[in-house]
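Per Swiss-Prot, the features are:
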SIGNAL    1-27  signal peptide
TOPO_DOM  28-477  topological domain 'Extracellular'
REPEAT    64-88  repeat 'LRR 1'
REPEAT    89-111  repeat 'LRR 2'
REPEAT    112-134  repeat 'LRR 3'
REPEAT    184-208  repeat 'LRR 4'
REPEAT    235-261  repeat 'LRR 5'
REPEAT    281-303  repeat 'LRR 6'
REPEAT    364-388  repeat 'LRR 7'
REPEAT    389-411  repeat 'LRR 8'
REPEAT    413-438  repeat 'LRR 9'
TOPO_DOM  499-912  topological domain 'Cytoplasmic'
ACT_SITE  ASP708  active site, proton acceptor
Amino acid sequence: MGRDARRLPLLPFLLLLLAAAAGVAESATDAEAIHDLARSVPALGWDGDNVCGFEGVTCERGGAGKVTELNLADRGLSGTLPDSLSSLTSLTALQLQGNALTGAVPSLARMGSLARLALDGNAFTSLPPDFLHGLTSLQYLTMENLPLPPWPVPDAIANCSSLDTFSASNASISGPFPAVLATLVSLRNLRLSYNNLTGGLPPELSSLIAMESLQLNNQRSDDKLSGPIDVIASMKSLKLLWIQSNKFTGPIPDLNGTQLEAFNVRDNMLTGVVPPSLTGLMSLKNVSLSNNNFQGPKPAFAAIPGQDEDSGNGFCLNTPGPCSPLTTTLLQVAEGFGYPYELAKTWKGNDPCSPAWVGIVCTSSDVSMINLSRKNLSGRISPALANLTRLARLDLSNNNLTGVIPDVLTTLPSLTVLNVANNRLTGEVPKFKPSVNVLAQGNLFGQSSGSSGGGGGSDGDSSSSDSAGGGKSKPNTGMIIGIIVAVIILFACIALLVHHRKKKNVEKFRPVSTKTSPAESEMMKIQVVGANGISNGSSAFPTELYSHVSAANSSNISELFESHGMQLSVEVLLKATNNFSEDCILGRGGFGVVFKGNLNGKLVAVKRCDSGTMGTKGQEEFLAEIDVLRKVRHRHLVALLGYCTHGNERLLVYEYMSGGTLREHLCDLQQSGFIPLTWTQRMTIALDVARGIEYLHGLAQETFIHRDLKPSNILLDQDLRAKVSDFGLVKLAKDTDKSLMTRIAGTFGYLAPEYATTGKVTTKVDVYAYGVILMEMITGRKVLDDSLPDDETHLVTIFRRNILDKEKFRKFVDPTLELSAEGWTSLLEVADLARHCTAREPYQRPDMCHCVNRLSSLVDQWKPTNIDEDDYEGETSEMGLHQQLEKWRCDDFTISDSDTFGSFNVPRKYNG
């Protein structure tokens, strides 16, 4: 024992020696790489053993010998780069620009600390297959004027989430515009000029709100870059835009709020009216609009040094000023179609009649006919057509028009023919005068008949619905009158019946009693929510039928609730919860108590809403909640199975979650008896919650906002998979008759700043709360903890303060977590996401779909148990086209606050 005790003090010394030996070995590896480079590039003139003393080589402080910077810029060096260069794993800057280096660029995948990479102006012949892999700290990448073979921007660039500048002009980049760049939300400077890019700008580029300089000009491919340039409207920090010499189409978007100084779009195919949001930019110093197909008034810019907009456009006048009323009207019509290029080629000048614009026929200098059939038009029909008082014939058939036929077109005094056949118009056909022949078949109108108005037209689809004379109208009129009378009588009978029932049921519902009169059983029924909505609930569920179902023990709970037309009386709920016994209480919330119930051998959760808090709006709020919840079906949202109303009573039946709440697993371990969650389990739960909220925000038929997202509203099943609950007081994002315009809902600590101060509700309110939950999952702390010192009570504040120091932050992490090196790396990524989600300004927070994509890569990497390959097949198999497109729209997303926070690995502003 004594001998062993004497040996113990030697252990730390031995470990120290081993660490020192490892450091020496790594330093030796760096030295070997530098010597290899000296041999490959003799002109460097490096000689000796002290590589840290070589010109252009910088080593870390302390004499460990690790090379941190290699600056060989503009030295006219020739030679090749050795493969051993990849062993410089501590390198933060590799600057090789302005030389004549040849051969292949070696793999750089091990340089996880590399922040600056400059390859410009060399003669490299190829890039490594793993180019940009592993460069998670990269901030500046410049590789202009390289004679490489054609290559696409690799998807691995998405890992460079801190990338500030990507400059690769004249670098042989080919293929469609790389949509992966939309994930680089820290990107401020993007220069891809003089390459071979094709296709349009992905809509996802609108997420690049930090962009200051965008240069895509002079693509050399035959097709060039094309399509609209709408994405630049969201780039509010943009100062320089060069997209000249491409094939972009459509109008200039609204540029209000931007900071543009240089705007060069010459030599494209842009159309439309130059917007006042561009001409009124006080920051603008240089503008070039030449050789497009701009229309309307000539723009009047303030005095700026560089201005070029005259040549090659179709402005109505040679000097700034308004166009003629007729020209203005037709340009408004073109605006509805998105200013199509085929029209813009001839719709120029200030006189549509001389020479006549394509599709325009004039009589006495006024438009009498418009024929734009088969012009591949999309967009909407403009109400401005009503200003053409001499218009007799309007043919917009066989296009792709959407929206409705404007009612105002019925006021056209000279109109005789309206042909909108074979489009995608919706709504109803307005009621035109009998003299108007309307051709509207082949659309998506609510009625099977595609026409209205017109008398005696030869086309079988253009007949008047009310102008036919003779005996046919009288039987139809009699039939209609009979139906109306019958409906009135029916409603009168229903009203009397309801009044009679209300008088019989004046006594308040007593949930503690299992004895219910037949009349009460009829009124106090649970209505069943199936996959297609709420059942009509016209009659109570017979007790004998319920008993029959109870006997069928093989049926599961979903079959019990989703059988067609199935309804359960309130007796079932009373029995299931033992008269709402205290022993069955699962939890209490601001709007009521949740009980555990047993239906047909299956557990459910019955929420009994507090009648005192529902107030006079209780019925409206309750029905709105049902209307919302019946439309929401998702794997990670707690499903509503049914509901019951009587007087002030509100009862909701949900699926039962046996794993408790996330709060119990994070902050109430002693009371709940749960063991701490592992990091893998926490990541999986975080992804589940994100997917549920993502569905509410953008994949459901309507956009829903939770407004009270917190750990106690996140329920877990037996496998610790999460579902979001208690979104019954959700406020529909778009106002409807059943939107809940109530007080601010939510829990202090999880409220976004703008919501707490102004009550303004957007989806970013939920994103903020989600970020707070991520912080709780990382730290194991409550969002507000009065037991801590005053400067540490608010989790968000202390979290954002500690995240700036990686070592300090490590002590801030939940001590119950056992993290490997890989686990620590993933935790830092989640912490970074939490920081962005809780940004003060809503526009700085990511959308939930981007949170899903960022977490998905981490969860897939860890491959936690109980995640099947087809885990989400159930929610997508019935997903409509709208939801699928919205789902596919979302790419990986990170965001950078422009104020204070940098990345974990390298400074935000690199000084090199």
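Each residue, glycine too, has its Cβ placed from N, Cα and C.
Quick caveat, the model's predicted, so the values are computed rather than measured.
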Neighbouring C-beta atoms (10 Å sphere around the C-beta of ASP708 (active site, proton acceptor)): 23
Intrachain residues whose Cβ lies under 8 Å of the repeat 'LRR 6' (281-303), provided they are six or more past its termini: 239, 244, 255, 258-274, 309-323, 327-328, 331, 334, 339, 341, 344-345, 347-348
Non-local residues, at least 6 beyond the ends, that sit with Cβ under 8 Å of the repeat 'LRR 3' (112-134): 68, 73, 89-106, 140-149, 151, 154, 156-157, 159-160, 162, 167, 905-907, 910, 912
Outside the repeat 'LRR 7' (364-388), six or more residues from its ends: residues with CB under 8 Å to it: 325-326, 329-330, 332-333, 335-338, 340, 342-343, 352-354, 394-406, 408-409, 411-412, 414, 419-420, 425
The repeat 'LRR 7' (364-388), counted residue by residue under DSSP: helix, strand, coil: 5 helix, 8 strand, 12 coil
Tally of DSSP helical, extended and coil residues in the repeat 'LRR 4' (184-208): 5 helix, 8 strand, 12 coil
Tally of residues which DSSP labels helix, strand or coil - the repeat 'LRR 1' (64-88): 5 helix, 7 strand, 13 coil
Residue counts (helix, strand, coil, in that order) that DSSP gives for the repeat 'LRR 6' (281-303): 0 helix, 6 strand, 17 coil
